[in-house]
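Per TrEMBL, domain 'Concentrative nucleoside transporter N-terminal' is recorded for 113-184. Annotated domain 'Nucleoside transporter/FeoB GTPase Gate' per TrEMBL: 196-290, in sequence order. Residues or ranges marked as domain 'Concentrative nucleoside transporter C-terminal' in TrEMBL: 297-504. The transmembrane segment feature in TrEMBL is assigned to 5-24, 30-53, 74-95, 107-124, 136-160, 192-214, 226-248, 268-290, 354-376, 388-408, 449-472, 484-505.
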Amino acid sequence: RYRRWIHLVIWLLLTAYYIAALVLNTHEYLIISFLYVFISGKILFYHVPLRWVSEPLGWAIRRGIQEPVLRIPTRVRHILGVAIPLACYLIAVFVPPPSAYGTRLQRAQSCGGMVLIIGALVLTSKNRSHINWRTVLVGLFAQFLIALFTLKTSVGYALFHWLAQTASGLLSFASYGTEFLFGKEIAGTANFAMHVLPVVLFFASFIQIVYYLGGMQWFIRKFAFAMVRLMGTSGAESVVAVSSFIVGQCESALLVKPFIEFMTLSELHSVMVSGFATISGSVLAGFISLGVDPQALITACVMSMPCSLVIAKLRYPETEESLTSGEVNVPPEEDKEANVLHAAANGAAQGLTLAGLIGATLLAVISLLALVNTLLTYFGSLVNIKDLTLELITSYLFIPLAWCMGVPNQDLQSVGQLLATKMFASEFVAYNTFTTQLKEHMTVRSQLLTTYALCGFANFASIGIQIGGIGAISPNRKSDLAKVAMSAMLCGTISTLMTACIAGVL
């Protein structure tokens with residue numbers, strides 16, 4: 001009954017605070033303005049139908065953009081669709097002066113690596129004649145624009161820098177709970193269990209609260225709608241692509257649970273690739289705690305949304321009719337929490353499970369790797385090969401991929417070793433090796449590209465996690481999931497490499 005007046009009072013107080021903040025802190029105007037517009041918009045659309053804005057905006061887009069574009073002959077339109085993104089990439093490669101992040105030759109190397117990756121995917125595609133080039137070109141261009149906005153504009157840099165600082169500041173609150181449980185002396189020890197796992201648990205609880213309040217669902221719907229309209233992908237796979245970097249590789253599939261039973265093979269492949277091509281919000285917290293650049297991690301996660309669909313659709317084009325073609329539907333949760341405290345408790349329970357899995361997996365994998373490396377070193381020493389390890393052997397297989405990313409020659413073996421570690425062990429092991437052993441010996445460019453390339457769940461262990469997790473949602477599709485799993489994992493790896501290539505171009 002009084003909601004309208006309550007919202008009006010909240011908006012007036014918010015406006016007064018906004019004006020005061022602008023006057024007293026002029027250097028923070030960008031972030032404050034962004035938050036003010038966002039909250040004001042949310043309040044406005046509680047009372048004003050969204051169609052009052054969306055319909056005039058849609059009419060303007062149709063009359064101002066779509067109709068003029070459709071008047072252009074189809075052949076010319078296709079040529080422009082290739083020429084415009086290509087021109088943007090070439091300008092990014094050759095116009096900016098050399099810097100610590102790359103010379104013109106190194107940027108050209110990254111651009112050439114993208115071409116090689118796309119060419120390899122086209123050659124190995126399940127059905128080359130059905131590749132939707134609109135999805136591919138729009139997705140690559142969208143990824144380029146996201147990277148350009150983040151890395152090369154003051155507004156984008158400030159926004160993502162603020163997001164990174166906010167994320168780091170938010171995660172630091174986990175230390176209070178850790179100190180309460182274990183004491184300040186133990187909580188302050190610089191080990192993985194005390195420094196990373198509590199952060200994962202805390203952030204999982206925080207995310208669940210945001211879900212309870214409806215914030216995540218709103219974000220996912222808006223971004224998925226944009227991807228459906230721009231890229232021509234189905235609603236279900238777009239929802240999963242957007243939500244994977246928030247909730248994780250299996251949890252994102254829960255958002256489209258009713259549709260998994262009826263998904264095409266191409267959609268199932270896309271769903272799995274989206275999970276492999278990025279990391280979840282709670283794991284992101286753990287990587288930041290390891291000392292990985294938070295701004296690069298967040299940027300990589302956002303860039304992975306269109307890129308995962310591009311790579312998936314190149315490798316496994318759609319040949320069937322999708323049930324959710326052109327639609328975006330995020331079903332409500334079946335068991336909604338009673339209140340915020342209930343949501344926090346559920347999130348903490350999920351975080352405890354996740355932290356336990358991370359800790360147990362790392363303990364087992366690192367121990368097994370040490371065993372394998374000891375055996376390899378022993379047998380290598382019998383034929384006068386010193387320090388033979390699994391990472392050394394597999395690093396040579398990944399050196400060509402590191403070169404395609406644009407990594408300087410002196411760091412090729414180190415980056416190849418990290419890529420191999422990520423695939424055969426886990427991204428946690430790879431990032432831990434990167435930050436503690438190799439980072440300080442690398443160039444600035446190699447550090448940046450490595451951060452992007454490792455930002456994903458694509459490894460052999462995750463294949464089992466995805467088949468088990470998504471298969472539990474829809475047991476009838478387990479055989480289909482197993483059929484596309486290896487392809488999806490490799491495509492997830494390629495997606496992170498493509499993200500690194502685009503960062504290397506800029």
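Positions of Cβ are set from backbone N, Cα and C atoms, glycine also.
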Result, the transmembrane segment (192-214) in contact with the transmembrane segment (354-376) (3+ CB pairs under 8 Å):
yes
Remote residues contacting the transmembrane segment (484-505) - C-beta distance under 8 A, at least 6 residues beyond either end:
89, 92-93, 102, 106-107, 109-111, 113-114, 117, 121, 143-144, 147, 151, 265, 268-269, 272-273, 275-277, 296, 299-300, 303-304, 307-308, 310-312, 315-316, 401, 404-406, 419, 423, 445, 448-450, 452-460, 462-463, 466-467
Highest-contact recorded stretch vs the transmembrane segment (5-24), from 30-53, 74-95, 388-408, 449-472, CB pairs under 8 Å:
30-53
Using DSSP, break the domain 'Nucleoside transporter/FeoB GTPase Gate' (196-290) down into helix, strand and coil residues and give each count.
77 helix, 1 strand, 17 coil
Just give the helix, strand and coil counts over the domain 'Concentrative nucleoside transporter N-terminal' (113-184), going by DSSP.
62 helix, 0 strand, 10 coil
Give the one range among 30-53, 74-95, 449-472 whose Cβ atoms make the most pairs under 8 Å with those of the transmembrane segment (388-408).
449-472
Which residues of the chain, 6 or more past the ends of the transmembrane segment (74-95), have a CB below 8 A from one of its CBs?
104, 107-108, 111, 114, 133-134, 137, 140-141, 144, 148, 505-506
